[in-house]
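> Quick one: the structure is below, questions incoming.
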Amino acid sequence: MNPHILATLLFGLGLGTTITFASSHWLLAWMGLEINTLAILPLMAQHHHPRAVEATTKYFLTQATAAATILFASTTNAWLTGQWDILQMSHPLPTTMVLLALALKIGLAPMHSWLPEVLQGLDLTTGLILSTWQKLAPFALLLQMQPNNTTMMVILGLTSTLIGGWGGLNQTQLRKILAYSSIAHLGWMVLILQFTPALTLLTLLTYIIMTSSLFLVFKLNKATNINTLATSWTKAPTLTSITPLLLLSLGGLPPLTGFMPKWLILQELTKQNLPLTATLAALTALLSLYFYLRLSYAMTLTLSPNNPTGITPWRLPSAQLTMPVTISTTLTIMLLPLTPAMIALLTP
């Protein structure tokens, strides 16, 4: 892709997200979401592969549906209450509609079925943008709204953690596994959103760091399915030995970074007299942990059957930047000691 076009599209992505961040009016927020969607579509379709075009079409249709629902709900809210302010969503009908539309935008279960299919059709760089940057604007709206529909939020959160864990069990494609991992993590964020919005923000930040490191590792290894992970030893042995720690961090095991948000969320749910919800969320996390362990096993304890034994295959040195993967990997593994500082920041 022409660098000028690429710069324009990335600028459009940043502009759309910034407009949504800065807006308190529903029409302006909707416009930011639309700019965001239109900027990423050429990036998704740039390879002109049938799978990429199919993924782009599916993404466009789901995002257009969600955006139209948001516009309809905000107009209904203005008709019922006489104002367009995001912070003043008081009527239950438009609030529920906007909540479901934003759930469709970010891929929460049961509106999740587009996300694995779309992510599977993209290259790893565009998939990284879709899994991280594209979640920011809808979450900014959710944090501004702060919906107080406890039952619906808990149902959406638990369903997402369950389907995110269950759906990834039988997958062999890494991008689909990462999509189901995204659904499960989004469920954790939504579960705690109404009680401690700052904790949702912390969970989103740690999720972005952990997912970025994993996408960058797979990109460095040019891996798209579980079988190709077995050749990682010959390409980047040091990185291969660290990657299980990244996967276990995503699963939420101590003493890694991913344990921090899950620990704080379970603690907060217990404080809110929701011990059953906390127990179910913790049990659904075990499903996700299983397929993270499966990836770890495939990457570190198996050898590819295609290589002659004892001979390292000839390869060219990688020209990819290693600084981003170094920074994100370090953050993914070593942020847990900052938990007391995070708790101090979250406490009003």
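Here the Cβ of each residue, glycine as well, is placed from N, Cα and C on the backbone.
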> Of the residue ranges 11-30, 151-170, which one carries the transmembrane segment annotation in TrEMBL?
151-170
> Are the transmembrane segment (325-346) and the transmembrane segment (201-218) close enough that 3 or more Cβ pairs fall under 8 Å, when only pairs 6 or more apart in sequence count?
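In this chain the transmembrane segment (201-218) contacts the transmembrane segment (325-346) - 3 or more Cβ pairs sit under 8 Å.
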> Please give the sequence-distant neighbours of the transmembrane segment (177-195): residues at least 6 beyond its ends with Cβ less than 8 Å from one of its Cβ atoms.
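Same-chain contacts beyond the ends: 103, 106-109, 112, 115-116, 118-120, 127, 131, 135, 139, 142-143, 146-150, 153-154, 156-165, 167-168, 171, 203-204, 207, 211, 214-215, 250, 261-262, 265, 268-269, 272, 277, 281, 284-285, 287-288, 291-292, 295.
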